[in-house]
């Protein structure tokens, strides 16, 4: 196993590579133009989480769904109009992705301090990090300097965001298409140590799969009937022990066959990720280290170079 100094060096080299490949990125990008940015985002996220702890998970998921579709460009924040179809009503997002009002509030507070300066994409990246930290999770350095897209792609959201029905090879392929490896997949899936999922997304797992603890499945069925469209939006915690605290119980649950989603349990089902899941279940520090490294890689996903970005005044619409 690598020494702690070697691990720190690896993370430093990762950040250096990201900065060199995207020269405009820097953690101090707004230090002069908007010096209060970090404190504004953190305090507004703290208020949101104090009101509803689940919001930390919702903002983290919002960031993931944004970055997985043509890079981290805040395209998911754009509202549909009579002449524009965005990503909010794509299958993985409709009546599911949430937290838009929190981003609106952060954006309004940032605009009051330094108008027309900070992108919605950077605000979302910072809010996702702060949500994890405020729920007891690790921190990482967020590279800043993103631009907001002027467009979005519902078709890309439908085809590129990983579905809860995917098996392990499909999950690995989905992440590989974004430049993320199997270790990144398993570490980022640990985000499911916080938050909740809808019945429609875990119904097939609790009724049809065999790789699930019988008592756990039975405990979920009362609130998630077998009949399709009956209770589809009913919620269950992704981590039944501590859904409002970021730690490694998610992996402990997988080892006990208590993963809520089919895609969750696929990470510990006799496949290539079993050993890593067991490591994370026993070593929270190892999970935190790999999760933060994977979040840095996720946050570096950029739109096509042909896409012309902007700093939106309103995160819900292009200027």
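In case you wondered, yes, glycine gets a Cβ from its N, Cα and C as well.
The feature signal peptide is assigned by TrEMBL to 1-23. According to TrEMBL, the domain 'Plant heme peroxidase family profile' annotation covers 24-319. Annotation source TrEMBL lists disulfide bond at 34-114, 67-72, 120-315, 199-224. Annotation source TrEMBL lists site 'Transition state stabilizer' at 61. Summarising the annotation, TrEMBL assigns active site, proton acceptor to 65. Taken from TrEMBL, the feature Ca(2+) 1 binding site applies to 66, 69, 71, 73, 75, 87. Summarising the annotation, TrEMBL assigns substrate binding site to 162. Summarising the annotation, TrEMBL assigns heme b binding site to 192. The Ca(2+) 2 binding site annotation in TrEMBL covers 193, 239, 242.
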Between residue 315 (disulfide bond) and residue 75 (Ca(2+) 1 binding site), what is the CA-CA distance rounded to a whole number of Å? 9
Tell me, which recorded positions from 65, 67, 120, 193, 199, 224 are within 10 Å of residue 73 (Ca(2+) 1 binding site) if we use the C-alpha atoms? 67, 120
Measure the Cβ-based neighbour count of residue 75 (Ca(2+) 1 binding site), defined as the other Cβ atoms within 10 Å of its Cβ. 28
Measuring Cα to Cα, how many angstrom lie between residue 66 (Ca(2+) 1 binding site) and residue 224 (disulfide bond)? 28
Average the pLDDT scores across the domain 'Plant heme peroxidase family profile' (24-319) and report the rounded value. 96
Which residues does residue 239 (Ca(2+) 2 binding site) neighbour through Cβ under 8 Å, counting only same-chain ones at least six apart? 192, 193, 194, 249, 250, 253
Cβ distance under 8 Å to residue 87 (Ca(2+) 1 binding site), same chain, sequence separation 6 or more: which residues? 65, 69, 75, 76, 78, 93, 152, 153, 154, 156, 157
